[in-house]
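Input: a single structure, listed below in structure tokens.
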């Protein structure tokens, strides 16, 4: 250095981060022989350089340059260290899908890598990348050896060709290396699933297991063959002794086929890898392994079929000599031998010719045994594979077979069997899963993710879920249960106790109420929440119009979820109040709670906006149907489901003016009443329209179901629709038919009451004497009185006489006064009640003429007699004024002294 340099400094040195020299280290470099160390000019003790400063002088110049770069000095060593690290890492388990599944986490894999480093030199981990690729190479080499070696030994006489020698020498070398590497490869302890990396334990385990088989299969037969060939002359080699040696080497080469054990082990390891990663790939690999093993055995059997005659020098009775194939090409010989072997193994024949010699016979039997075993294994594995590929469909088929046996055992009708079949098709769609058990085995996040995915269409179509908290939606969906309903099924019924609410995923359902309006619910709608909120009964019926796929929520789960989310409870309550208002109903519990929330200020502006949107969307989703043109829907709960065709025809007849409603006040009134008609009141056309258009009266009769008779007069007032009157000829014809039926019934009853005729004759004689005494005073009025007296007395004593018609579902018996009033013609459409002529007998006296008894038309439905013999009174019509005192004294039995006469009584089946 010129002018003296600082110690510990190097002039013109490059500061690249790697020029760090150890203290007191001699300067070395590749150019040290061509350059010499220099000192500063006029050097002295003070001008000496520090030992760590490496400088040199170039001839002919005073400049200084470094003696050599550290990178040049450490390059080979650094490259060797990199290769060593890479090779060492290949002996360790890598971080991949297989190792993560084996050890659980990346941290556990790193710990296993540290174990391999501390285990010793050249210890190979069984799950390392190096062992993976080595096993792949060995798999290919073994398949090649097991296919090529039998063909070469059997069909090729020249064993000294260069390709054959190269192939055999390379194979023997690779298998010897594999034998050595097995002593340095860790093993898996089957009891504890721990990887054993101790070299001594690995060696002992290998010596006790597969070492002998692997050593015999790895004997270098080709090396021995080459040594024997070089030690013999060509003339001696061709002698018979040499040919025997060659045959021995051929037989010895068959020991390589023991490498099949290695092939099976490696294939089993690959099956485990595929099984742990892909289940379907594992099944496919298993079936392909089975097919490949069968083909390999067929290949070996074909070579064996030709090798045995070859070792016997083709005797005359062998199959090769009989078919004259000794001098044919090896391809033709192999084809015939393979065909013969497959015929034996599949048990379909003997090939081209049946065996003749004893050796061919034994080989054929051996082939049949091996073939039958392989065929059974193949069928079993194939069956198991097919069943495992679609186990859910197989379970569905087994389940439906049980259902069919159940239907046959109980002898269910064909239409019911078809409904059950359709239900299973729509409910399970050909596959059965134990979904509840599957989801219960998963953790909560994964279960919630699956439920959200399965119900994504329901969430997308429901405005309630769209505006709700995601946690509420997840909690609600996790408690839903899937259900399917068929067209015509009543999902809920009005008046029933509600235990579930429903969400519609797919389908259309109709809401049926007592009013004439029906509403439709489609995808994304929900119903049944009102009774869950109020703990009451169903307010309407819901019927499935199409196949409906629903999700149900029980009342316990409903309350459990809403306790954690009070805002959503208020949303349900608001929608419930709006729905009740739309169908004309109210619920005091919901209204009081809603008013209480308003007074306490629970609702804020944001919540109000959300509730408005929910109610708005709920109204938009409900499809309202226009009012139905027939009024039967107004009495939906009043009519029986077993209505006869006659009663259905009656509901479409013109309005009927019943005699029970004709009181004295009505007869004397100048105009019909304009008030809301009562269930059994007389209706004019205008008042009838008012009754149909107005909501029905909530009376006991309006909610009563009559099971045995036709609709009563109160029901007809709600159900019948004004139409044009029937022609008089049809009315007369109907009356004639009714009269004939009554006469037949009267004759039958007369035969049954022969025992009572004597008592009736005595009563008639007494009545005739009274008539003779009263005839001058009131002519023509005594007979009706007596008849009325007889009929009412019989009804009061609950005894039916011949004067009273028998009670039946189609022809109820009535007092003669009522039948006489009904026999009058009906008023026209525009005629008022004042124009009806008043019956004289009804005004002046309580009796009627004896000859005025008429029949009741078939299209008229009247009250039936009760078990007590009285007619049910009408609560909607004011009672008639009492008759005169004279009439009361003469016929006291006409009056009804029963204190319960004003209570409503319904028809009963006698």
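Placed from the backbone N, Cα and C atoms, the Cβ positions cover glycine too.
Judged by membrane topology as recorded in Swiss-Prot, residue 227 shares a side of the membrane with residue 324.
When Swiss-Prot is compared with the stretches 250-270, 313-333, 397-417, the one noted as transmembrane segment is 250-270. The region 'Disordered' annotation in Swiss-Prot falls on one of the ranges 634-681, 682-729, namely 634-681. Within the set 100-120, 163-183, 184-204, the record from Swiss-Prot flags 163-183 under the feature transmembrane segment.
It is 579 that, of the binding-site residues 579, 582, has its Cβ surrounded by the most other Cβ atoms within 10 Å. Of all Cβ atoms in the shown protein chains, 17 besides its own fall within 10 Å of the Cβ of residue 538 (3',5'-cyclic AMP binding site). Distant neighbours of the topological domain 'Extracellular' (356-360): 308-309, 312, 315, 317-319, 322; these residues of the same chain sit at least 6 beyond its ends, with a Cβ under 8 Å from one of its Cβ atoms. Averaged across the topological domain 'Extracellular' (226-249), pLDDT for the predicted model comes to 56. With respect to their backbone Cα atoms, residue 579 (3',5'-cyclic AMP binding site) and residue 327 (N-linked glycosylation site) stand 98 Å from each other. Each residue contributes its Cα atom, and for residue 539 (3',5'-cyclic AMP binding site) and residue 327 (N-linked glycosylation site) those atoms are 98 Å apart. Only residues 6 or more beyond the boundaries of the topological domain 'Cytoplasmic' (184-204), in the same chain, are considered here, and those with a CB under 8 A from a CB of the stretch are 112, 115-116, 119-120, 122-127, 131. Maximum C-alpha to C-alpha distance over the listed 3',5'-cyclic AMP-binding residues 528, 529, 531, 538, 539, 579, 582 is 16 Å.
Taking H, G and I as helix, E and B as strand and the rest as coil, DSSP gives the topological domain 'Extracellular' (356-360) the counts 3 helix, 0 strand, 2 coil.
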